[in-house]
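For reference, the structure discussed in these notes is given below.
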């Protein structure tokens, strides 16, 4: 069944973020029959521990009984309706609950389907808000090593060459600030100040991933940079966008990363974990000052006329509400602290390997770099070796990371670390 | 309950494609409790016939028993997994089934979450394919009056001022061809030829909505333009993208609009109806020649590294497979022909109103323009009057249209037309 399905897949499907040639020999393509909790099962019933939460989206395990139940209940009454002129309780509940846990400065939720679209909305809204203030600012400021998605606007404020380089001729040119790296951020602040001074009249907004540049090889950096940079940018009257698509919903250790940093952005982009890994949903949260700029009689042509057909999807909102239920009922942020500490302690043993450098963590993100293998796809070897041991890892180049669902057990952590030791021991 | 929910909504939510000020007095915001078949029910159990398929997505009614069943079955085994390196049966089935009903020239499906993302993928893929052929072509060619979505790349190839004008300074500049209008397309072909001759070395792709420019006030135009324009563009070695996000899955009368036109594009973008109005899902279909350009050993850096976290969502695929089941088992394309003819015949009575002009249809899309009310939001009056009669219409400016789910009954059609007569009679 596995082989038959694999061949069918390769006949008809072009996978995302994949050199399909790799499936010829370097990387197996694995058809999954079912999933439960931490584990994906193939058609031979081999299990794979989902150490990366299926691209950082799953929070409480696959086919979670509670989320399943809530989704099935929702489908009985309302699956989806147009979200202009009409509304529904699941999205009102979700919006109110988000506002209850977010800073009081925030007041409005603008929904979309995926993270890239959320970033596009934040960029357009920031640009448009300036235009409504009669300020034509056509540049966005972003960090080196940033990733914000792959639609053309989102890609314009990213900085990862493999995703972006070829498209440069059709992208908006952004201003890029030296990225902070770990605790090293002084030069980044200087670079930021220099750019602000020389381009302040042109910059519509500054976008960053607070605390962790995830796709940028899990660069975990100092919260002081987030704080200082945000204050500095805002002091110039420039909007700040936090892309918490990957780090929101507990991943950074707090419910949202900005909460650790002592500053509040003008726009907050959320997605991925919002539905617990079930369905595409994203939201841009912003404050009343922005909203009011657009709020005017129709004939003034100030409306923000962005939409996606499935905006406000009731099924996705039902999953998101279930996720918030689980956070509340099980005090997840507290239990994650214990879990995070446990994983971090167990990982220390990896330091004994000479090839392991820069072991680091933040909340429920753990990473290290494999060094001494320049130009070699060592991460790919780890991926393939992981599969043989029943682990789904998906290294970023030669950076190995764990970003597990919050339901991972201590036994599973021990098994993963032991397996990594064995894999690294073979190098 | 309605009023309480409405106030909560307006406190926390910024709706898509809406001047929120309109909800102060011009437009009621209606909380919907449940939906079934053609009808949305509010909290006072008032019903609204969904005459526009909730932004053109719903095909077989709300809370369709069969799709509900298939979705609930899927959630028991696999809700979502990473779609790089892994795959699953629902998406393999869906891809094979799409290939079986599409032209044999097509061979590969590349998935995303929403229509805008599909357009972005097609644009990037077309640009990138040219780059891989060592041809740096940085312009896209599109039609006047076009709409392709609202992320920045998609917006760049659109032409509707209300969605786009303010953002021009941050968008890619596209080349625009005079749009065909009804049977009038000769000048459009001439304009196209002129642009091709003068810019042929710069154009990466030509994108169009075949047969109907939907957001462009339901401009139903001659299939001969689609055919001639596509042949002409392809004769210049330029790729053609068909955006069938709104017109695919039976809406145009055939399963896909291109099938009526005697040509096959290089990229076909599908979304909206693909899941029957249940969940966000989109796909870009393309052919082997494109795929092969990107297929190479990893180190050649030719991969198309686009992704969205929820790409290939198993729940959405289960809905899409259920939709294809219904098409097959109920011979929908044939029954729609009868239904389409019935609606069209019943609509003829509207011609008796002096303000009704350009009554038109294509498949399951029906439209007319209200004339003599320049500068007046007459469409908004129709929307509000429709609500009072239990109709969800959402005119495009002063263009009134019906784009109902395919399960609409003759009785419902008769009621809608009678209601429209009453509404127009008041003008």
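Just so you know, glycine gets a Cβ as well, placed from its N, Cα and C.
Predicted automatically and left uncurated, TrEMBL annotations should be read as such.
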Taking B:182-209, B:210-237, B:238-265, B:266-293 as the choices, which stretch does TrEMBL tie to coiled coil?
B:182-209
Remote residues contacting the coiled coil (B:182-209) - C-beta distance under 8 A, at least 6 residues beyond either end
119, 122-123, 126-127, 130, 137-143, 146-148, 157, 175, 216, 219-222, 224-226, 228-230, 232-233, 236, 238-244, 246-247, 266-267, 358, 360
List which of the binding-site residues B:115, B:147, B:243, B:394 have a Cβ under 8 Å from any Cβ of chain A, in sequence order, or say none.
B:115, B:394
Residue B:115 (pyridoxal 5'-phosphate binding site): which of the binding-site residues B:55, B:147, B:272, B:307 is the nearest Cα neighbour?
B:272
Give me the CA-CA distance between residue B:55 (substrate binding site) and residue B:309 (pyridoxal 5'-phosphate binding site), in Å, as a whole number.
24
Taken over the coiled coil (B:182-209), the model's mean pLDDT
97
Write down the Cα-Cα distance for residue B:116 (pyridoxal 5'-phosphate binding site) and residue B:307 (substrate binding site), rounded and given in Å.
14
What's the CA-CA gap between residue B:308 (pyridoxal 5'-phosphate binding site) and residue B:272 (substrate binding site) in angstrom, rounded?
17
Other CB atoms within 10 A, centred on residue B:308 (pyridoxal 5'-phosphate binding site)
29
Let me spell it out: for each of the binding-site residues (B:116, B:307, B:309), count the other Cβ atoms within 10 Å of that residue's Cβ, using every protein chain shown. Which one has the most?
B:116
